[in-house]
Amino acid sequence: DCLGFMRKCIPDNDKCCRPNLVCSRTHKWCKYVF
């Protein structure tokens, strides 16, 4: 299961849906990185 943009997540545990979506350690949600 994966999470979409700005969905709450647990760093190092949850997987965000796209390769350039990562779980932010600061905000604890999936955000885009470029």
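Cβ from N, Cα, C; glycine included.
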CYS23: disulphide-bonded cysteine as recorded in Swiss-Prot, out of CYS2, CYS9: CYS9
Residue among CYS2, CYS30 that, according to Swiss-Prot, closes a disulfide with CYS17: CYS2
Distance [Cα-Cα, Å, rounded] between TRP29 (site 'Important for activity') and PHE5 (site 'Important for activity and sodium channel selectivity'): 8
Neighbouring recorded positions, C-alpha within 10 angstroms of CYS23 (disulfide bond) - of CYS2, MET6, CYS30, TYR32, PHE34: MET6, CYS30, TYR32
Sparsest-packed of the listed recorded positions (CYS9, THR26, LYS31, TYR32) - C-beta count within 10 angstroms: THR26
Listed recorded positions among CYS2, PHE5, MET6, CYS9, THR26 whose Cα sits within 10 Å of TYR32 (site 'Important for activity'): PHE5, MET6
Residue pair CYS30 (disulfide bond), MET6 (site 'Important for activity') - Cα distance, angstrom, rounded: 5
